[in-house]
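**Q** Right, I'll just put the structure down here and ask away after.
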Amino acid sequence: MLYKGDTLYLDWLEDGIAELVFDAPSSVNKLDTATVASLGEAIGVLEQQSDLKGLLLRSNKAAFIVGADITEFLSLFLVPEEQLSQWLHFANSVFNRLEDLPVPTIAAVNGYALGGGCECVLATDYRLATPDLRIGLPETKLGIMPGFGGSVRMPRMLGADSALEIIAAGKDVGADQALKIGLVDGVVKAEKLIEGAMAILRQAINGDLDWKAKRQPKLEPLKLSKIEATMSFTIAKGMVAQTAGKHYPAPITAVKTIEAAARFGREEALNLENKSFVPLAHTNEARALIGIFLNDQYVKGKAKKLTKDVETPKQAAVLGAGIMGGGIAYQSAWKGVPVVMKDINDKSLTLGMTEAAKLLNKQLERGKIDGLKLAGVISTIHPTLDYAGFDRVDVVVEAVVENPKVKKAVLAETEQKVRPDTVLASNTSTIPISELANALERPENFCGMHFFNPVHRMPLVEIIRGEKSSDETIAKVVAWASKMGKTPIVVNDCPGFFVNRVLFPYFAGFSQLLRDGADFRKIDKVMEKQFGWPMGPAYLLDVVGIDTAHHAQAVMAAGFPQRMQKDYRDAIDALFDANRFGQKNGLGFWHYKEDSKGKPKKEEDAAVDDLLAEVSQPKRDFSEEEIIARMMIPMVNEVVRCLEEGIIATPAEADMALVYGLGFPPFHGGAFRWLDTLGSAKYLDMAQQYQHLGPLYEVPEGLRNKARHNEPYYPPVEPARPVGDLKTA
């Protein structure tokens with residue numbers, strides 16, 4: 001053994017060839033600060049070996065290196081910029097020394113090589129991969145950019161265009177694509193990986209492969225003519241501006257850094273990467289996006305822990321076809337759980353099957369599946385007008401009309417047709433689960449399962465625990481949601497549950513602004529362009545359906561009369577009474593026409609202003625700050641109440657439900673992350689300016705306490721040890 005660290009070791013393989021093996025004590029290899037230091041020590045040992053002829057890098061895990069240790073980021077990024085820069089210089093000196101070894105090097109890459117894992121293998125001369133490879137640089141999705149030389153080596157290896165596509169978008173690619181663009185030199189079966197890598201290494205040692213020529217471009221300026229550079233970087237900057245926008249500084253910073261570094265050799269280019277990385281690491285956007293990553297891990301880990309002792313349902317059923325039922329059936333079948341889809345109406349069944357077929361055909365058009373796979377999936381969806389096959393199902397989700405009487409009748413009838421251990425769930429969006437459970441003989445086998453539309457796109461599923469729902473019932477439904485590729489979050493029961501309960505105060509803020517003379521077009525523009533929502537409230541209401549919102553608004557008002565009962569006729573009432581239901585009938589806040597692709601395109605409609613004039617004061621202008629405050633305060637207050645009342649368990653779950661269920665702007669990180677960034681005292685000052693608008697603007701006592709003691713909702717993160725104290729040699 002040449003060297004043994006906590007997460008890697010170095011040993012001789014055969015005559016003059018050494019292997020450096022990543023083998024962390026945990027289930028995966030991560031490139032944390034300790035591993036970077038160990039790598040430096042191992043390379044120091046290699047540099048002393050006069051008889052060294054070649055080096056093989058490999059992993060003892062199912063994945064090579066999954067990336068840096070993201071849990072370290074929040075504390076590491078709190079150290080002063082100068083110290084962070086110093087540590088990055090050290091880390092890059094380690095990879096430079098790996099790259100500068102006087103012998104050929106190869107990485108045998110299996111599974112994931114992401115972020116720092118990808119940057120590590122970019123420093124070797126050759127890369128051989130297995131078919132399960134996923135390799136790339138996802139840093140911009142975390143609000144940062146590659147910091148271990150990825151923005152320097154990748155463009156010089158692949159050319160600017162391919163590298164920019166991966167780095168700016170935070171992409172990873174599979175084995176075939178990696179081979180095609182030159183990110184790896186070959187792909188072999190897993191059992192042949194080491195044998196194949198050794199064969200390449202021997203060829204390089206023997207002089208059959210010119211490893212020095214392979215290494216040289218990574219040390220030099222990027223080989224691009226002035227015209228090529230102008231085209232590549234102009235197109236990349238345009239694409240980034242269009243897709244990322246102003247709220248995500250990392251992608252455009254990465255592109256500009258690669259452009260600026262193009263004319264320099266490795267050392268100066270790495271200095272430019274360092275200078276760009278450090279300020280990004282200190283942005284609120286990076287903290288928010290890293291927070292989302294960590295929250296996502298927490299939520300998925302919680303679901304995994306919850307379901308460890310239950311069997312995932314093998315056969316499911318959906319009650320109620322149509323668009324929603326068809327979407328649920330598709331998602332279940334697509335992920336391998338056959339489903340019976342029942343409706344009392346043949347036309348609805350046809351609509352549900354058409355929806356599932358349409359979604360599968362889209363996968364076919366994109367080349368994700370072939371005709372055989374399509375036929376196989378669709379054959380596992382069984383439409384029926386009766387209860388045939390229900391005696392075999394493990395779980396049933398009801399997705400009929402949002403009417404408590406209808407839902408109770410359907411659920412009670414279904415309970416008589418299934419096994420005693422079959423779990424029933426309702427896809428209601430607002431009706432309390434405990435109320436629906438009153439119709440059942442086995443309420444312990446019942447819970448809520450709230451999908452979001454469109455089902456195939458929206459990651460969140462709210463799992464609602466009723467008063468009598470058993471732990472096993474919740475676990476089984478969480479297991480099914482996870483199997484469907486969704487992110488399940490368990491919430492406690494109340495009208496609207498979590499997501500709709502906090503959404504309708506937001507809509508109430510919108511209605512009050514309109515009542516007071518604001519223009520809905522400006523509100524939408526501000527909430528989209530300035531705050532960052534994917535849709536403004538008017539557009540969102542049109543997509544949800546004015547009729548749906550009108551009904552849900554009444555349910556929420558009955559559930560929370562003190563705050564949500566309004567004493568005036570609002571814009572939603574006015575549009576509903578005029579039969580303007582949104583996109584579904586082409587008339588809402590906008591007039592909708594289909595474009596050439598059959599998608600609804602919104603157009604101005606003067607009739608709306610006349611309708612709104614009946615329920616509004618004369619038009620007046622509101623500042624962007626006032627619009628944002630009046631829209632967000634009711635929502636954030638309600639989010640805080642949900643945490644205080646135990647409707648949602650943690651700030652992390654609340655923020656993920658908002659991001660995944662409503663599209664809360666990820667660069668804000670969710671309501672609690674936004675609150676922490678703003679500061680609870682500053683938020684309280686802002687909210688008090690609007691408390692005259694009514695109970696929705698009254699700040700909950702728990703939040704007032706936070707403001708008094710200057711306490712955040714997320715545990716405060718301590719800065720990493722001074723970088724000088726980290727192992728840097």
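Glycine residues also receive a Cβ, built from the backbone N, Cα and C atoms like all the rest.
Swiss-Prot lists these features:
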- H450: active site, for 3-hydroxyacyl-CoA dehydrogenase activity (ACT_SITE)
- D296, N500, Y660: substrate binding site (BINDING)
- M324, D343, V400, V401, E402, K407, S429, N453: NAD(+) binding site (BINDING)
- 1-189: region 'Enoyl-CoA hydratase/isomerase' (REGION)
- E119: site 'Important for catalytic activity' (SITE)
- E139: site 'Important for catalytic activity' (SITE)
**Q** Give me the CA-CA distance between V401 (NAD(+) binding site) and H450 (active site, for 3-hydroxyacyl-CoA dehydrogenase activity), in Å, as a whole number.
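**A** Cα-Cα, rounded: 13 Å.
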**Q** Which of the three DSSP-derived classes (helix, strand, coil) applies to S429 (NAD(+) binding site)?
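**A** Its secondary structure by DSSP: coil.
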**Q** Report the same-chain neighbours of V400 (NAD(+) binding site): residues 6+ apart in sequence with Cβ closer than 8 Å to its Cβ, ordered by sequence.
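**A** In sequence order, L319, G320, V406, K407, V410 meet the Cβ cut-off.
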**Q** Measure between the Cα atoms of every pair in D296, N500, Y660, the residues the record assigns to substrate, and report the largest value in Å, rounded to a whole number.
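**A** Between the most distant Cα atoms of the substrate site, 21 Å.
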**Q** On the 0 to 100 scale, where does the mean pLDDT of the region 'Enoyl-CoA hydratase/isomerase' (1-189) fall?
**A** 97
**Q** Given D343 (NAD(+) binding site) and the residue listed as 'active site, for 3-hydroxyacyl-CoA dehydrogenase activity', what distance in Å do their CA atoms have, once rounded to a whole number?
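**A** Checking the Cα atoms of D343 (NAD(+) binding site) and the residue listed as 'active site, for 3-hydroxyacyl-CoA dehydrogenase activity' gives a distance of 19 Å.
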**Q** List the Cα distance (Å, whole number) between E139 (site 'Important for catalytic activity') and N453 (NAD(+) binding site).
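**A** The Cα atom of E139 (site 'Important for catalytic activity') is 29 Å away from the Cα atom of N453 (NAD(+) binding site).
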**Q** Hey, how far is Y660 (substrate binding site) from the residue listed as 'active site, for 3-hydroxyacyl-CoA dehydrogenase activity', Cα to Cα, in Å?
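**A** If we compare the Cα positions of Y660 (substrate binding site) and the residue listed as 'active site, for 3-hydroxyacyl-CoA dehydrogenase activity', the gap is 13 Å.
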**Q** Tell me, how many other CB atoms lie within 10 A of the CB of V401 (NAD(+) binding site), whichever protein chain they belong to?
**A** 10
**Q** Counting all other Cβ atoms within 10 Å across every protein chain shown, which of the recorded positions E119, E402 scores highest?
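**A** In terms of Cβ crowding, the pick is E119.
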**Q** List only the single closest residue to N500 (substrate binding site), chosen from the binding-site residues E402, S429, N453 by CA-CA distance.
**A** S429
